[in-house]
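What TrEMBL annotates here:
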- 19-268: domain 'G-protein coupled receptors family 1 profile' (DOMAIN)
- 6-29: transmembrane segment (TRANSMEM)
- 76-98: transmembrane segment (TRANSMEM)
- 118-136: transmembrane segment (TRANSMEM)
- 175-197: transmembrane segment (TRANSMEM)
- 218-238: transmembrane segment (TRANSMEM)
- 250-270: transmembrane segment (TRANSMEM)
Amino acid sequence: LQLLHFCLFLGIYLAALVGNGLIITTIAWDHHLHTPMYFFLLNLSLLDMGSISTTVPKSMDNSLWDTRDISYTGCVAQVFFLFFLFSAEYSLLTIMSYDRYVAICKPLHYGTLLGSRACVHMAAAAWGAGFLNALLHTANTFSLPLCQGNAVDQFFCEIPPILRLSCSDSYLKEVWLLVFGASVDFVCFVFIVVSYVQIFRVVLRIPSEQGRHKAFSTCLPHLAVGLLFLTTVMFAYLKAPSFSFPSMNLVLSVLYSVLTPALNPLIYSWRNQQLKDAV
């Protein structure tokens, strides 16, 4: 079973690296793809490569060498980089929904609202917000006294299992921070949904069936990725302890930390003829 786990994760990891690496290389080298949408997609691929590289290699190493150990420093690093990359990714998905809204609903203002400088500023804001969010949560979590053993019930270090090791009521402060962060993410999700509702209203008025098909094939994957990512992360982090089962925790964590970064290249390029031609 450990060997099967290693081979499965190795296959997913290589697929994620190859897929995201191909997108990054193609967008960087093809000047026809130097547009806001592909600039944000390049950033998303960078974040996906980083997030899957934070968890999967260590998990494969543990499976291969029959160990479950991780150093304290390694655990801190995993928590920090996961929060950093996940927060930045969700901010970027919100920005990408705004990009699609402007492109379809306000095409005459696209060059003004999403110029090169504005795109760089928005991407930098997403990365910066992720960094500050990760710094806050990591510092707060690892300042708690941990006295309930040292076994994290997960294949990587994340905050909910670590909070269960705390012997102080101070952990409630981190819980409220997580609830506040989830509320902000929910607001972002509402913004994404509202953006796509406006987009679909415009798309349905397009007389050309080919035009409608192209718009839907571009927008629906974005919405699906955002929905999958938010629902799995929020359920994993905010569910009650009584609903915490090892098998369910494993499935949820694999969905948002392993499968999402691996599937993003397929989702964003499968129906994108321009990107396929460039590849």
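Positions of Cβ are set from backbone N, Cα and C atoms, glycine also.
Distant neighbours of the transmembrane segment (118-136): 36, 39-40, 43, 79-89, 91-92, 95, 177, 181; these residues of the same chain sit at least 6 beyond its ends, with a Cβ under 8 Å from one of its Cβ atoms. If one looks beyond the transmembrane segment (250-270) by at least 6 residues along the same chain, the residues whose Cβ comes under 8 Å of a Cβ in the stretch are 9, 12-13, 15-16, 19-20, 22-23, 41, 44-45, 48-49, 51-52, 55-56, 82, 86, 154-156, 158, 221-222, 224-225, 228-229, 232-233, 235-236, 276, 279.
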